[in-house]
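Listed features, source TrEMBL:
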BINDING   B:28-35, B:53-57, B:75-78, B:139-142  GTP binding site
BINDING   B:ASN39, B:THR42, B:GLY43  Mg(2+) binding site
DOMAIN    B:21-188  domain 'FeoB-type G'
TRANSMEM  B:297-318  transmembrane segment
TRANSMEM  B:352-376  transmembrane segment
TRANSMEM  B:396-418  transmembrane segment
TRANSMEM  B:467-494  transmembrane segment
TRANSMEM  B:528-547  transmembrane segment
TRANSMEM  B:664-683  transmembrane segment
TRANSMEM  B:695-716  transmembrane segment
Amino acid sequence: MRNRIQESQEQKSVRDLKIGESGEISSLNDPEMALKLLEMGCIPGAEVKLNSKAPFGDPVTIIVNDYTLSLRLDEAETILLK
Amino acid sequence: MAVTIEAEAPEAKKVPVHHPVARIALIGNPNSGKTSLFNQLTGLNQKVGNFPGVTVDKKTGISQLTPQLKAQIIDLPGSYSLYPKSLDERVIIDLLYDPASTQRPDLVIVTADASNLKRNLLLFTQLADLRIPAVLALNMMDVAETEGVKIDIEVLQRDLGVPVIPMNARKGIGIAALKILVSQQLTATEVSFFEVPAKLRPMVDQIKERFRLSNDYLALHYAHQYKHLRFLSEEDKVWMAQLLEAQEFRSTIEQANETIARYVRINEVLLDVVRVEKAKEEEKFSNKLDQILTHRVYGYLIFMALLFMVFQAVFAWASYPMDLIDEGIAALNGLIQENFSGPLINLLTEGVIAGLGGVLIFIPQIAILFAFIAILEETGYMARVTFMMDKIMRKFGLNGKSVVPLISGVACAVPAVMSARTIENWKDRMITIFVTPLMSCSARIPVYTVLIALVVPEVYYLGFMNLQGIVLMGLYLLGFLSAIFSALLLKVLLKARERSYFIMEFPVYRMPRWKNVGLTIFEKSKTFVLEAGKIIVAVSIILWVLASYGPGDSFERAEERAVAEAEVKGLGEEQTDNLIASYQLESSYAGKFGQAIEPAIRPLGYDWKIGIALLTSFAAREVFVGTISMIYSIGEEENVSTIKDKLMSEKDADGNPFFTPARAFSLLIFYAFAMQCISTLAIVRRETKSWTWPLAQLVYMTGLAYVSAFAVFQLMS
């Protein structure tokens, strides 16, 4: 990725959001997963909101570009926030 | 231009009309209304075939564009981009990229969800850069409107360089305009959305030269996807691998960069085109509904209640048409046998028509089950089910998306195995396919019914809980448990080749489109009849031959023996006939087989008579009942209670009842686990493209059945 920097593990990701909380995507730290996420509109700079969690806390739904995506926690973890 | 396609001459010749038939491909994101548009354009003039070499359904149909002009419409699998992530999506690149293919479309209609234009345009810009003539069908204008999304069509048309038709495919609005537009000669856009980066130029130029391509972006796609392009030779692929190696081409990073660059460009375009005026109401409604439907307690309760309702409906409603089919087949056979006779007539009635009946009888259950599944999918509820089940299913090596195949497996494993295609991940998909046939399918019901009636008393608890019903439910539960624990076993055994992911769009709730539901029912039933049906009929015929002929003059001697015995016992004509049939079956090839395998099945409590039934039920499990009736000379058209009485009076060598609870339960368990379905084996072979999987299933399931039945018989007797 063009603007991929070596991210530290401690950086905040979508996984750390609380329900209803939003953040701005800074980068995606997993190249393979990134392709799918990018196609679905999770581009750096976009705002992402944690919408809900499944009964056992995983997967979660997020709202990005006005539509809802569902993804697993370990996938949400690859979306890093500013 | 390499990518614009002239109408193919050989194709034009095949068509009796004077006008050449244009090929139009429908392409778009999942949930962009593509299927609705396809149904609107083609009506019932559609057929499902296969894309060559792959097992992806290819839906095509004929659309009457103008009174003079027809076009062939191809419905491509929903996709977010031209970089395929699943098996289904690979069909798109095969169809669009092969310059030599006669199947290439002259034009693509790109469907886009107007309320979600940004993401939907990604795929469009890729197609535009391939310079394929395109039309943008801006679908779901009504949803966009209620969400306050205003789109300036004029500006969008100018910026994209292609005609844009606002429409509402569900209600048929905009279809007429679209038909008129695509009936005209259309050219590709001249607007460029993405330039091949300078450092990739040398590589792209070499690819263009070798494959005689004129389009840069197409050449770039060759570089990204050569491994999956079926029309490239091994030699081409080796050449490509070397080139990419030498150029240090990093596919993943280039794709990511391209996607980001495209979004930047799309944002620029949409800046002048889209204005959002008010907040979304529908989404809030969907969110509220989700709080109940995916609630940690109510969510599962509602799902269980729904499942219960569905199964109730499948078994209660389907019994009427099933009885009709059963009676119809019997009446037809009776009519033919009354008026004609001879070995060929016997082959026709007892082999072919009986086999056909065995196929048709399952259609009502399959149709009803898939009606419910289609409705649940159409409303968006199924996405919530996969969402709720994912974490649990993952523990067993499955995937939230495995829920649909597992539920479908209760009707018939054949369409169920096919519905596992939506699972992108190879390992998850293989495990799902492997365990689905363990779910108790409807072919097991007749076997269960007869055996349960035989050994389980009809007692009621609390006034409504029938003991026989509880045992039946227990067998279903057993099927489900064996499926998920087998999955767990496979999870440990299989090495994953790719990562599993669950990123998917969460659709908003909406009313089902009844036309789509109807078409799903029709297609699933047709698949069953064509895929499973032909094998069931073929095997029925073979088995009929094995059961109707024996070595040498054994049949004549069997008849003499039966007649002599009947005279001694003073039996009537019908009973004598039944006795003859029974003795003849004993001396037939099938009978010889039963006797040959008796030593192997004796530890399970079975004798050679059951051995024959095990053989004949290989075509379809429910044949067990018919064979058992014949073996015990019950005659064909008897009901369950007659069969039951007859079986109960059957004695073993010591004069005790033969069908003890131990024997019956051993058989029940055997039928619950054993892979006795050639159709399923054939479909698994087709879906996995190897014999390894169906053979592993055969060995595993039959082995499990044998061991379990052995344990049950030994413990109970």
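Any Cβ shown, glycine's included, is placed from N, Cα and C.
Sequence features, as recorded in TrEMBL, placed on the structure.
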| residue | record | Cβ within 10 Å |
| --- | --- | --- |
| B:GLY28 | GTP binding site | 27 |
| B:ASN31 | GTP binding site | 23 |
| B:LYS34 | GTP binding site | 26 |
| B:ASN39 | Mg(2+) binding site | 22 |
| B:THR42 | Mg(2+) binding site | 21 |
| B:GLY43 | Mg(2+) binding site | 13 |
| B:PRO77 | GTP binding site | 22 |
| B:MET140 | GTP binding site | 26 |
* Does the transmembrane segment (B:352-376) make contact with the transmembrane segment (B:695-716) through 3 or more Cβ pairs under 8 Å, each pair 6 or more apart in sequence? -> no
* Structure fact -> Restricted to the domain 'FeoB-type G' (B:21-188), the mean pLDDT of the model is 85
* Integer Å distance between the CA atoms belonging to B:THR42 (Mg(2+) binding site) and B:LYS34 (GTP binding site) -> 12
* List, by number or range, the same-chain residues at least 6 past the transmembrane segment (B:467-494) whose CB is under 8 A from its CB atoms? -> 395-398, 406, 409-410, 427, 430-432, 434-436, 438-440, 444, 448-449, 452-453, 456-461, 668-669, 672-673, 700, 704
* To do: Determine which residues of the chain contact the transmembrane segment (B:297-318) at the Cβ level, with the cut-off under 8 Å and only residues 6 or more beyond its ends counted.
  => 364-365, 368-369, 372, 376, 384-385, 388, 407, 410-411, 442, 445
* Under DSSP, is B:ASN31 (GTP binding site) helix, strand or coil? -> coil
* Rounded to a whole number, how many Å is the Cα of B:GLY28 (GTP binding site) away from the Cα of B:ASN39 (Mg(2+) binding site)? -> 15
* Asked: Where, among B:528-547, B:664-683, B:695-716, do we find the most CB pairs under 8 A to the transmembrane segment (B:396-418)?
  -> B:664-683
* Structure fact -> Nearest to B:ASN31 (GTP binding site) by C-alpha distance, among the binding-site residues B:ASN39, B:THR42, B:GLY43, is B:ASN39
* Short question: which residues 6 or more past the ends of the transmembrane segment (B:664-683) have a Cβ under 8 Å from it? -> 413-414, 417-418, 437-438, 440-441, 443-444, 447-448, 451-452, 454-455, 475, 478-479, 482, 531-533, 535-536, 539, 604-606, 610, 614, 617-621, 624, 694, 697-698, 700-702, 704-706, 708-710, 712-713, 716
* Asked: Once the DSSP letters are reduced so that anything not helix or strand counts as coil, what is B:MET140 (GTP binding site)?
  -> coil
